[in-house]
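**Student:** Would you mind keeping the following structure in view while I ask a few things?
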């Protein structure tokens, strides 16, 4: 018996006021429908049917590389009609799990509970109790057993008082589901084919109907406009922040962190306010992350300190190393153990060796720097000639004076000293002192320029 997941993603989302299909609007830098697809994989789906309509080209451009069966719903005639478009891809012995591309916060654990609640060849529906159920289909029970779902527009006064609502998420047996879909009618207040009508059919046919509920109602909330999208974003971030704290991170203010990827943290991590984490980020033990830091696809080792307003992207920070404030590590940069870069230092495709430091105002690109090196303020590795990039190699224990330019390709030998203001165009041997600045001149009685009269 296979688990066949059907994801409904055909709507335009008019209230979003956007050319982008509704399900492609992002939560934490990932489209809503991608969140749902990822969750479907987590519960062990054997196949995923993506029912699409509006914006097919944009959907396929974003999702096309994944293992999905694309099912076109040319006309949006209701949820029942949408699922029916996937019937040809459903085997009789499949368990069919129906999800929604604009309900991104549904948890795998909730879906697992729903599947576990389903009896053999039975129908399981995910419900939730709301203090204000206005707008939702109500769960109709008789003697405690579910007998049907009535939509808001079709409900009578007594049914409108029910606060258990249908989330739309359900698990059904493939053979019966296909039969029920063929019996749907659009004879209702909205003139649509309601998927919810299959619940009454299941009751009629004597099929066992069971229910499950999510841990939190926010799991089943959708986004029809940008206000609701922002609310889901905040709910996602609150959940992500809670997870970090349970794993060992101290968040200065859990409401002021944005997590837009997969982050792993060690013990006793301190994260200040307004930090943004994107992509795959690993943070070791006893790490301190300052306010306003942006971490993207990077590894931060034990005891490292990232001072405020630094950006670390596709880079590595070693044990006891530090960066910032206002430092930038671009892709391919690495700080080795106990290395340090300070304010307004930028590194790209470069390694700063153990115990080496660049305190301020430097650009280090396409360079390999050994241990115990001092990079003075204003130092620049001139790595680009307008067509190609070249390497700078600085060996151990080199002292680079302030305002030095190293014109690559160039190698500086161990223990060398480069005088401040030098432009280095040739290799420097070990323990040499090199000074290339112009000889200082003294002109006595020099008349300073004065402003011309207008």
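Each residue, glycine too, has its Cβ placed from N, Cα and C.
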**Student:** Taking 377, 429 as the options, which does Swiss-Prot list with 383, 384, 402, 420, 437 at the acetyl-CoA site?
**Tutor:** 377
**Student:** In Å, rounded, how far does the Cα of residue 102 (Mg(2+) binding site) sit from the Cα of residue 8 (UDP-N-acetyl-alpha-D-glucosamine binding site)?
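**Tutor:** So the alpha carbons of residue 102 (Mg(2+) binding site) and residue 8 (UDP-N-acetyl-alpha-D-glucosamine binding site) sit roughly 8 Å from each other.
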**Student:** In sequence order, which same-chain residues at least six apart have a C-beta under 8 angstroms from residue 383 (acetyl-CoA binding site)?
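**Tutor:** 365, 366, 367, 389, 390, 391, 392, 408 - these are the non-local Cβ neighbours of residue 383 (acetyl-CoA binding site), listed in sequence order.
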**Student:** With a Cβ cut-off under 8 Å, give me the same-chain residues at least six positions beyond the ends of the region 'Linker' (227-247) that come close to it.
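**Tutor:** Same-chain contacts beyond the ends: 16, 25, 27-28, 32, 104-105, 218, 221, 254-255, 257-259, 263-265, 271.
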**Student:** What are the helix, strand and coil residue counts for the region 'Linker' (227-247) according to DSSP?
**Tutor:** 21 helix, 0 strand, 0 coil
**Student:** Can you grab the distance from residue 360 (active site, proton acceptor) over to residue 101 (UDP-N-acetyl-alpha-D-glucosamine binding site)? Cα atoms, rounded to a whole Å.
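**Tutor:** Checking the Cα atoms of residue 360 (active site, proton acceptor) and residue 101 (UDP-N-acetyl-alpha-D-glucosamine binding site) gives a distance of 48 Å.
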**Student:** Looking at the binding-site residues 8, 11, 78, 101, 151, which has the shortest Cα distance to residue 377 (acetyl-CoA binding site)?
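**Tutor:** Smallest Cα separation from residue 377 (acetyl-CoA binding site) among 8, 11, 78, 101, 151: 101.
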